[in-house]
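Annotated in Swiss-Prot:
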{"type": "ACT_SITE", "residues": "89", "note": "active site, nucleophile"}
{"type": "ACT_SITE", "residues": "208", "note": "active site, for GATase activity"}
{"type": "ACT_SITE", "residues": "210", "note": "active site, for GATase activity"}
{"type": "BINDING", "residues": "93, 169, 172, 208", "note": "L-glutamine binding site"}
{"type": "BINDING", "residues": "262, 263, 264, 265, 266, 267, 268", "note": "ATP binding site"}
{"type": "BINDING", "residues": "336, 476, 547, 552, 553", "note": "XMP binding site"}
{"type": "DOMAIN", "residues": "8-234", "note": "domain 'Glutamine amidotransferase type-1'"}
{"type": "DOMAIN", "residues": "235-430", "note": "domain 'GMPS ATP-PPase'"}
{"type": "SITE", "residues": "371", "note": "site 'Important for ATPPase activity'"}
{"type": "SITE", "residues": "388", "note": "site 'Important for ATPPase activity'"}
{"type": "SITE", "residues": "389", "note": "site 'Important for ATPPase activity'"}
């Protein structure tokens, strides 16, 4: 989306895994954001209609050699033009370094939810953790060397309390505030938690307001965009796909579209919109890789044919090819690469059986913006957690033109589009299922026996969640088969069977997540049923890990 008609917030990426959540926060308040890497050249931004700048967090230490920094001329341009700057975590530390402050390793690293005190001259006596920072016996002593404001900093305007809960994730902290900066918040373990410069309209926070666990995070972005940057012109991010579809419509008479269809919401909604344009020149391909859930291959194909009776859809059974190539493979990234490679090979074989001109063919993908960010930030800035199946497995010599109408949208945006299309609720509310399928839910080596055990466990778990009315309250739920076995008793005999883990999480973004507290009586019923009906399992565990430090999937 070009967005010239909108007031822009420039978001500069220092490699944060939460980077896309900044964009999402801005989308939520109808602000257009332009994203660039930290090393952007001045010539590339001077002609933009920039109303403000946000500096993201990142996995580096700002004081280490080779860590990412803004170009000096770019930072000085922001100061010269007095473009408001909002630094988040690493971004705040970058501001401190650029303006002759100091950053050092934290004595106490902070991770997760933390209460932050918003500071003013009239409320510092309420601070109770003074002795955490040396010998200060009172708040007056503690803050005597810092400039405090008489009024609440405008970044925190309309926050109802002087204490707000935020998401922390840092090892370093600012230890010396640059000259002419105010100290505007502190936490129990981080004295300099937020800073503000009135002359240049610069704001820095050590925490992550973009993460949904930061209770007043969206309000901070609203204050920055509308009250500080004075943005006025709004845009509707969910209409992005309309522009993409309009751009591709000119090809509908002499081009084709092919799509890998899984039955998931992203690929299904993308196919529904694109099929409306290309009609008989649209071809959907559903590949059964042998790694799907119980009866899923047949159920998905039947669903797609009944929902889109006029759509060309081909089903390919490639299960034996996938399973034979995965034999003996235990490393999860290797599994993903093998599956990605085989998928492309099978897909290309299927396409070659269709009478179309490959040079005039688009490959439709339901890639979402979080897919791109979580897999790999530009220039390897961000630590790669996992290769995403939509963006990690595509070959460099891809023969098709790539069409990704949802690449700047988020999951809830696609759900809105699904409802606009009146697609069945089973699609709109379907939990995410990874591209590599059960390959990354069977820990270690994969074989048919393990897959069948996992299918039965997962089927009982999901169906019971639906029966008890919990499924739609949960963001994602699934079962995992561990590689280890445990000793048990069946009847009077010893058993030595697999251990299964049940996982259910609640999340708004899938970048952070909390484990879902299934009522104990329901969890007991589900567990009892699994152990009674599924052979090969004698122990069930329930995962109570949040993300971070865990990821949602095990592999």
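Yeah, the Cβs are placed from backbone N, Cα and C, and that goes for glycine too.
Note that the coordinates shown come from a computational prediction; the quantities given were computed from them, not determined experimentally.
Put plainly, the binding-site residues 93, 262 were compared by Cβ crowding within 10 Å, and the winner is 93.
On a Cα basis, residue 547 (XMP binding site) lies 12 Å away from residue 169 (L-glutamine binding site). Listed in sequence order, 18, 21, 57, 88, 89, 166, 167, 168, 169, 214, 217 are the same-chain residues at least 6 apart in sequence whose CB falls under 8 Å from the CB of residue 208 (active site, for GATase activity). The Cβ neighbour count for residue 172 (L-glutamine binding site), using a 10 Å radius over every protein chain in view, is 19. Surrounding the centroid of the Cβ atoms of 262, 263, 264, 265, 266, 267, 268, where the record places ATP, the chain contributes additional residues within 8 Å, namely 261, 269, 366, 427, 430. Ranking the recorded positions 210, 266, 553 by C-beta neighbours within 10 Å puts 210 at the top.
According to its DSSP assignment, residue 553 (XMP binding site) is coil. Of the listed binding-site residues 263, 264, the Cβ environment within 10 Å is emptiest of other Cβ atoms at 264.
As a whole number, the greatest separation of Cα atoms within the L-glutamine-binding residue list 93, 169, 172, 208 is 14 Å. Here the Cα atom of residue 268 (ATP binding site) is found 29 Å from that of residue 210 (active site, for GATase activity).
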